[in-house]
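Colleague: These came from TrEMBL, pasted as-is:
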TRANSMEM  30-48  transmembrane segment
TRANSMEM  71-97  transmembrane segment
DOMAIN    71-277  domain 'ABC transmembrane type-1'
TRANSMEM  109-133  transmembrane segment
TRANSMEM  153-174  transmembrane segment
TRANSMEM  214-236  transmembrane segment
TRANSMEM  256-276  transmembrane segment
Amino acid sequence: MTDMTAALRQPEARLGEPVNARTRWRTGQLLVAVVVLVIGAQIVWGLITNRRLRWDVVGQYLFSSTILDGLGLTIVLTVASMAIGIVLGSLLALMRISSNPVLARASQLYIWFFRGTPLLVQMLFWAFASAAFPTVSLGIPFGPVFVSWDTNTLISLFAAGLLALGLNEAAYVAEIVRAGIMSVDPGQLEAGQALGMTRRKLMSRIVARQAMRIVIPPLGNATILMLKTTSLVFTIALPELLTSAKIIYGNNFQQIPLLIVASIWYLALTTVLTFLQSRLEKRVGRGFSRSSRKTLPTREELV
């Protein structure tokens, strides 16, 4: 009788173990959440009550015309650089997978060079290009020159910054697009060829539509990174957001408040871009199961 009672009690003990484990897990989660909230509240309170941060100065210059002009230039540089990067990068990706060895090697060489040299060095090179190339000429190699331009006139500081950002980004976009194209099932391409589809139709109707949902997330991340990378143009004296903040605090010596102003605007723009990226990912991801989606390496992983 005693053995039968013990046997009947064993299932109850086994059934009780997951409940206790689940309770301990929830308690641990609650404790971690409380600790995080306390630390977060302390950080926020410390920022608010720290008089040396001069929040009054932050409010004074947050919508300053100088700051807003710099913000506008930052947005223009981001959009234009990504446009150059996406168009040129897509072309380089197609060249990279081309059966023509000359095109494939040229693309590979471009990607190798621009990924292998620092962006800051490239930017300074474009800014001082006239020292090595006083004029830019167009004509027949080893023959007559048809037209020539002064390099300083042709490549302004804005053009130097834009070229450096756009050409450098194209190298990374090329690898992102190439990986997206290569992720498409080869069997679908074979099926399209069996139906008599041309290479152009295969790329537009089969490859592009499927590669898009894989390429969008890393391209969105690249755009957000580009937004912050535009701050490098301060080295060539372009008055974007950070440079505008530096100009102001160079006059009033309020470095920390003006850096906070720049950070607030960077965070605001990043939030907007993150929201747009999320909506775009959902839109292009319709009709595909979550398990079938692949991820591509980030730009940091490509470096």
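Cβ atoms here come from the backbone N, Cα and C positions, even for glycine.
Give me the local environment of each listed feature.
Modeller: Long-range neighbours of the transmembrane segment (71-97) within the same chain, counting only residues 6 or more positions beyond its ends whose Cβ lies under 8 Å from a Cβ of the stretch, are 103-104, 106-108, 110-111, 161-162, 165-178, 181-182, 219, 222-223, 226-227, 230-231, 233, 238-241, 244, 265, 269.
Listed as Cβ neighbours of the transmembrane segment (109-133) (distance under 8 Å, sequence separation of 6 or more from its ends, same chain) are residues 92, 96, 150-152, 155, 157, 159-161, 163-165, 167-168, 170-172, 174-175, 229, 232-233, 235-236, 302-303.
Below 8 angstroms of C-beta separation, residues 52-55, 57-58, 61-62, 64, 67, 71, 74-75, 220, 223-224, 227-228, 241-242, 244-246, 248-249 of the same chain, each at least six residues beyond the ends of the transmembrane segment (256-276), sit close to that stretch.
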